[in-house]
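Asker: My questions all concern the structure below.
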Amino acid sequence: MPDADRRDVQGKGFLNHMADREQSPLAGRSNHDGKLSQPEKKLQESVCVLLVELCERFTFFGIVCNMIHFCTVKLGYRNYQAAIVNMCFVGTSMLTPVLVGWIAKCLVGRIKLVCICMLLHFLGTALLPVLSFPFEDIYTDRQHVLHTLPKREQKIVFYVALLTASLGIGGIRAIVCPLNSYNLENCGPKELLSFFNWFYWLVNLNSAVVFVSISYIQQSVARNLGFLIPFVSGIMAIITIHMMRGEMIYKPKADSSLLMTFGVIGSALKTRCVQYRYFSGGMNDWLDHAKENYGGQYSEIQVESTKSLIRLFPLFTFQILYRTCIMQIPSGYYLQTMNSNLHFSGFVIPIAAMNVISIVPLLIIVPILECINSSCLFSSKDTAHSPTIYIVVGQLSVALSMMVAGFSEIHRKHFPQVEQTLSEEVLLVSSMPCFHLAPQYILLGVAEALVTPYCALLSFWLVPERIRGISMHFLALFNGAGCFMGAFFVQTAHAGTQGKSIWFPHLLHEGKLERFFFFLASLMMVNTLGFWTIAHRYNKLHQDCTSEFRGSLSGEKLLKHEKAIKRYDTVLESSPILPPREES
């Protein structure tokens, strides 16, 4: 190249470099066109995601808080049927994010699917206020004949509304505001625990507002229009998503999915069955059969990641019964409160407002735990031992709450019965003040403050970064299984016992609901002891997983280099001889 051309090229490069340096100070500020800088854009996205999360939770808790009362008074359900419907709806809302996430990855695009989920969310939250609207007060003819839907059609519409609402909730949770959308990749255990503590703190503060406001409106002010508030909250979430749908739709990494996890397990089992007689040595784990080195179909990193996830399955399994007991707040405890005296100084306390008693301990304990964690929990190298202790204490608190609930039920029956009007329905209830049930609510609130954030921390921190979202999906699957197990227990307790010894009766003073609580307490004690025996597995699990994962990563890199060398050798053998390089 001539010297003049070379100088021209160097001069153009220098001018471009100086132009970039002149524009770089403006990168951190908003420009004159009104566009946001990168930090401001991330802050706006985080605020919008949190707003959608709170609106979605507001809608969810607004549907759940008085569902039993609505089913028994409006639809004529028996108590156990209403409890089963409530727990099944909560469990479905936990499982649908996993289902929608899989559909978005394999079948339908994420943008198209989020539009479908918003439509389903709108339909479900719109059908509920339509179903609860007081048509009997308006649509009558001159002979005062009511024109309302029969009970059977009302139940069909109710189930359709719950199903569409749960699918919409699942779509919003999976696509718009999963935990991975909060940019937690570079956070350590201390930062993760702080995030989970304050995240669940905000969620429970939101639910406290719902339980106080909506339950009072549904029960005392406008009993048939209480579902209109969750509908308005859902509309706010939909509007927020529509305004920023391009930035708020989370796109996960393509190399991690539930199908990959199940595929690794299936490939390992298949290869092990085929090659068991001929190739059984040299493997430390049965999942090694899925590796490409041993005749499988998956890489070293994928198999080692699945191994770390499989190690968490005992932790997930012991969460099933815990979630079953927690679901007694909107079912068994709710029925106890509904059949107690709700009058206090001339004021009728909303039934669902008693749930606030279980939320207050969490709102108090979380800031205290933050101080303890910052000073004591992460001061030593054994960062995973303390969370297991908190989980054990929380599960003991749940068992104690079930025991106290059984004794409170016996205590409640010793009070004389009085008439109590709820939503223009006269019920025969115990004269025991509902505040006598406060200890069992408080114990469950303490358990939620200890178990939920620390279990989420272990599920998120003890696996490689690439499958943390999958780990949280499995945690949601097992929590949903706990809700369905609670519904199964209620159905079995009602069908398996009869007469005055029925464990989950329609009229509490004619049955033995305390036996149902004692049964759950005994199961929870066994569950706690079982978790205590395996808690040591998670003491130093992260260090082991990290070393194994790095070892597998280096092994896979070495394997790739060996393949590249072999391929390079074959290319050299098949190519003509290169001329020797001229020395300058």
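Cβ atoms are placed via backbone N, Cα and C, with glycine included.
Pulled from TrEMBL, these are the listed features:
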- 84-104: transmembrane segment (TRANSMEM)
- 110-135: transmembrane segment (TRANSMEM)
- 156-176: transmembrane segment (TRANSMEM)
- 198-217: transmembrane segment (TRANSMEM)
- 224-244: transmembrane segment (TRANSMEM)
- 347-369: transmembrane segment (TRANSMEM)
- 389-408: transmembrane segment (TRANSMEM)
- 441-463: transmembrane segment (TRANSMEM)
- 475-496: transmembrane segment (TRANSMEM)
- 516-535: transmembrane segment (TRANSMEM)
Asker: Using a Cβ cut-off of under 8 Å, list the residues of the same chain at least 6 residues beyond the transmembrane segment (389-408) that approach it.
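Answerer: Residues 318, 322, 325-326, 328, 332-333, 336, 436-437, 439-441, 443-444, 446-451, 454-455, 514-515, 517-518, 520-521, 524-525, 527-528, 531-532, 535 contact the transmembrane segment (389-408) from elsewhere in the chain.
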Asker: Residues of the same chain, at least six outside the transmembrane segment (441-463), with any C-beta under 8 angstroms of its C-beta?
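Answerer: Residues 179, 184, 189, 192-193, 196-197, 199-200, 204, 305, 308-309, 311-312, 315-316, 319, 322, 325-326, 328-329, 333, 354-355, 357-362, 365-366, 369, 384, 387-388, 390-391, 393-395, 397-398, 400-401, 404, 470-472, 474-475, 538, 541-542, 545.
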Asker: Relative to the transmembrane segment (347-369), which of 156-176, 198-217, 475-496 accounts for the most Cβ pairs at distances under 8 Å?
Answerer: 198-217
Asker: Which residues of the chain, 6 or more past the ends of the transmembrane segment (156-176), have a CB below 8 A from one of its CBs?
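Answerer: The answer is 49, 52, 56, 59-60, 63, 75, 85, 89, 92-93, 95-101, 104, 110, 113-114, 116-125, 127-128, 130-131, 149, 234, 237, 241, 248-250.
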